Amino acid sequence: CRSALDLVPFGIKPLLRRAAAYEALERYQLAYVDYKTVLQVDCSLQAAHDGVNRMTKVLLEKDGVNWRQKLPPIPTVPISAQMRWSVPSAGAPGENTPPATAPQGEPDQTAAGIERARSLKEEGNELVKKGSHKKAVEKYSESLKLNKECATYTNRALCYLTLKQYKEAVQDCTEALRLDPKNVKALYRRAQALKELKDYKSSIADIKSLLKTEPKNTAALRLLQELNRA
């Protein structure tokens, strides 16, 4: 797998196979890093999501709540590699030329569009740090027009929670969960918003789903206690 990755960096198949090999060797931290790297290339791969969830459970049991601090660095996948694997193949073999421009109303999936979306998301993140949540919402909204990314939805949902726009927060978390059905931040933030909307049953359901992935998540356990008292 390493030889294959030397030839074609960030190849999905060798990353997944190396992750499975690390998992079999009980080198769970390295397996986690490879599964997370795959999701940067293609966030829709269920095998990688399942791998991340398995490794999260194992590492949580092995290293406790601070397990993330012990991980080796996760490489940042360049836009060029993401685009290489996102080009759909249609028609005859070898015919996988992407459209020159994105269809009207669809996100701009060109490299330039994705790079601009990432830049806008970072601008939004900086505004959040400064407490400018309304301006951050604008940046995240611009970013999502170019590239519908799970993290951008959960970040905007956090802003909506702060601004007490709970219905909007629920919608953003729901969109994030369409992209990543077990996303912990989306489940937690939707549960928070649903609690404020007094939909306690749905809120509890989200927290229980989250706890299947991270059973020792202290924030989620605390929220569940509050919901049970509501």
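Each residue, glycine too, has its Cβ placed from N, Cα and C.
Please treat TrEMBL annotations as automatic predictions, because they have not gone through curation.
Feature annotations, courtesy of TrEMBL:
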type	residues	note
REGION	87-109	region 'Disordered'
REPEAT	150-183	repeat 'TPR'
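When DSSP labels each residue, the repeat 'TPR' (150-183) comes out as 27 helix, 0 strand, 7 coil, counted as helix, strand and coil in that order. In this model, the repeat 'TPR' (150-183) carries an average pLDDT of 93.
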